[in-house]
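Some notes on the structure that comes next.
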Amino acid sequence: MKKTKGSSFRFYATLLLSFLSFSLSRAFYLPGVAPRDFQKGDPLYVKVNKLSSTKTQLPYDYYYLNYCKPPKILNNAENLGEVLRGDRIENSVYTFQMLEDQPCKVGCRVKLNADSTKNFKEKIDDEYRANMILDNLPVAVLRQRRDGSQSTTYEHGFRVGFKGSYEGSKEEKYFIHNHLSFRVMYHRDQESDSARIVGFEVTPNSILHEYKEWDEKNPQLTTCNKDTKNLIQGNTVPQEVEQGKEIVFTYDVSFKESEIKWASRWDTYLLMNDDQIHWFSIINSLMIVLFLSGMVAMIMMRTLYKDISNYNQLETQDEAQEETGWKLVHGDVFRPPVNSGLLCVYVGTGVQIFGMSLVTMMFALLGFLSPSNRGGLMTAMVLLWVFMGIFAGYSSSRLHKMFKGNKWKRMTLKTAFMFPGILFAIFFVLNALIWGEQSSGAIPFGTMFALFCLWFGISVPLVFVGSYLGYKKPAIEDPVKTNKIPRQVPEQPWYMKPVFSILIGGILPFGAVFIELFFILTSIWLNQFYYIFGFLFIVFLILIVTCAEITVVLCYFQLCSEDYNWWWRAYLTAGSSAFYLFLYSIFYFFTKLEITKLVSGMLYFGYMIIISYAFFVLTGTIGFYACFWFVRKIYSSVKID
């Protein structure tokens, strides 16, 4: 039996939905590194990463605090994304032997001076967490969930210390976590004698260690030795942080066999328990899309069938003059807007951001940008932004040529430099603030130079290549002729005033994404993993459709009011959703974050301005192209003498 077109479509639609369902229901990813097999007794080297805090958002090098240092500190080779995230991966004194439990090992003994005491206390006040890595797995603290269930969750890193008071005293003291109890989970290969690491947990403790006589080569502690089985007892005295005090850093390690396979070892870190919220968000957004789709369908039916057929049947000039609405402005609707060059720049930049976002999400859906590939997401976004410059140049030049613009080189330079120039200016100010705080989040000179090389050496030339290709193409022709004398725009009702209609237009696109936005902001500012790109991709598609449809609907109402200045209005209508995004970021700052430092607050709002600006350019471009297609469609269907 011959397969029909309809059945073919249903087959491919089913295939697509099956793939999306799999992507949504599973933490689907490709591990970023090849598995390593360990034999019993093989050395395991723990690496240390940055100190991080959700209260300050300022990462610091692990050895900024007076922790135990190896004889020579070696920096791990970091990719571009890791450097931009503030990661500083280095070697440490913590070494294990595979499958060999070690009850107590002494790391070092340090004496606190004024500076180190001050630094420890500041980091305890700001709730800093120390981060470590073993076989590319970050260390985590196992916690009971707060919802009362028996399930557990992972907290990334461990607290530097805590504040408390002795029994019978109200004076608050600072205590440091100087003893780390590590637990390494492994999965044994049944065919060979090797094992693979599938988990890395830590339980931090504060212990005031005691010893009779300190032997640097073989220190013997009375509170901790190789025969100790249970270190932590009810009467253990915690280690206080005070100038002049000695701190002995110790650790122990145990190994536990796990049923988790190496390919699934990241699942516990990526465990998401909010699927119902995401589905509710998507269903809610789809209802908005269906409502808007109905309106667009009615408009298209009316304009392309009823109105156009009636309009084409008009024979006398008197009948034509009696017509009102969008048909009357056909001689002005394609008149180039004010600041047409600037509009071309923003549309070209929006295409660049759209291409970067789409390809990044496709790579993430396929599993190439998993958290195990540390810094991969950030690196991919930067590189894709650079290579999408060719589409920015092409889009802006095509529009510029249609507007009969001149000085194409100036136009191309604006496309290449305006948006990234504004971003770099804000970025430089923020980076200077981070430098002033001596944070490892400050971008080093070498990385900054590499970013400039990517911008000037690859992105700018590609914008010129795209612009050259665009200008070589014949100009886009208007479906109707433009009158020499502009038509006067009649007085508009209050609800069609530009400010009101633009602000109204941004509500629905923002409403389509704001629940997913909460999870994205949480992952950025509360140091959590975000890896539900299946949901994000669906929300992105809904955002595209919502921006397009709301712009088309409001553009139609505008043309019916005989206002033909739709070019910038279309861009700003969808782009105004960024205004609500920034308002939401203010709400999020005051309700979800505990940032108290001025510098940290400036960093937050600086980065949110960058995100909101990029969102404005992206959504504005989507709305503009939808309206551009709509206007050309309806006026190309009308016969004009």
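Glycine is treated like the rest: Cβ placed from N, Cα and C.
Quantities reported herein were computed from a predicted structural model and do not represent experimental measurements.
Taken from Swiss-Prot as is:
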- 630-635: motif 'Endoplasmic reticulum export signal' (MOTIF)
- 1-27: signal peptide (SIGNAL)
- 28-278: topological domain 'Lumenal' (TOPO_DOM)
- 300-348: topological domain 'Cytoplasmic' (TOPO_DOM)
- 370-374: topological domain 'Lumenal' (TOPO_DOM)
- 396-415: topological domain 'Cytoplasmic' (TOPO_DOM)
- 437-444: topological domain 'Lumenal' (TOPO_DOM)
- 466-499: topological domain 'Cytoplasmic' (TOPO_DOM)
- 521-531: topological domain 'Lumenal' (TOPO_DOM)
- 553-569: topological domain 'Cytoplasmic' (TOPO_DOM)
- 591-597: topological domain 'Lumenal' (TOPO_DOM)
- 619-641: topological domain 'Cytoplasmic' (TOPO_DOM)
- 279-299: transmembrane segment (TRANSMEM)
- 349-369: transmembrane segment (TRANSMEM)
- 375-395: transmembrane segment (TRANSMEM)
- 416-436: transmembrane segment (TRANSMEM)
- 445-465: transmembrane segment (TRANSMEM)
- 500-520: transmembrane segment (TRANSMEM)
- 532-552: transmembrane segment (TRANSMEM)
- 570-590: transmembrane segment (TRANSMEM)
- 598-618: transmembrane segment (TRANSMEM)
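Taking Cβ pairs closer than 8 Å, the transmembrane segment (570-590) reaches residues 343, 346-347, 498, 501-503, 505-507, 509-510, 514, 517-518, 521, 547-548, 550-551, 554-555, 601, 604-605, 608-609, 611-613, 615-617, 619-624, 626-628 in its own chain, all 6 or more past its ends. Counting Cβ pairs under 8 Å to the transmembrane segment (500-520), the top-ranked stretch among 279-299, 375-395, 416-436, 598-618 is 279-299. Tertiary proximity for the topological domain 'Cytoplasmic' (619-641) is limited to same-chain residues at least six positions away from its ends with a CB under 8 Å from its CB atoms, namely 303-304, 308, 311-312, 326-327, 330, 333-334, 343, 346-347, 349-351, 353-354, 479-481, 505-506, 509, 543-544, 547-552, 555-556, 559, 566-567, 570-575, 577-578.
Scored by C-beta pairs under 8 angstroms, the transmembrane segment (598-618) has its highest count with 416-436, from the stretches 279-299, 349-369, 375-395, 416-436, 445-465. The stretch from 279-299, 349-369, 375-395 that makes the most Cβ contacts under 8 Å with the transmembrane segment (445-465) is 375-395. The residues of the motif 'Endoplasmic reticulum export signal' (630-635), classed with DSSP into helix (H, G, I), strand (E, B) and coil, number 6 helix, 0 strand, 0 coil.
Secondary structure of the topological domain 'Lumenal' (437-444) per DSSP (helix as H, G, I; strand as E, B; remaining residues coil): 0 helix, 0 strand, 8 coil. Outside the topological domain 'Lumenal' (437-444) by six or more residues, the chain places 50, 58-61, 64, 83-84, 86, 88, 431, 451, 599 with a CB less than 8 A from a CB of the stretch. Per DSSP, the secondary structure of the topological domain 'Lumenal' (591-597) breaks down as 2 helix, 0 strand, 5 coil. Across all of the topological domain 'Cytoplasmic' (553-569), the predicted model scores a mean pLDDT of 91. Here the topological domain 'Lumenal' (591-597) has Cβ contacts under 8 Å with residues 54-58, 521-522, 525-526, 604 of the same chain, all six or more residues outside its ends.
Secondary structure of the topological domain 'Cytoplasmic' (553-569), assigned with DSSP and counted as helix (H, G, I), strand (E, B) and coil, comes to 11 helix, 0 strand, 6 coil.
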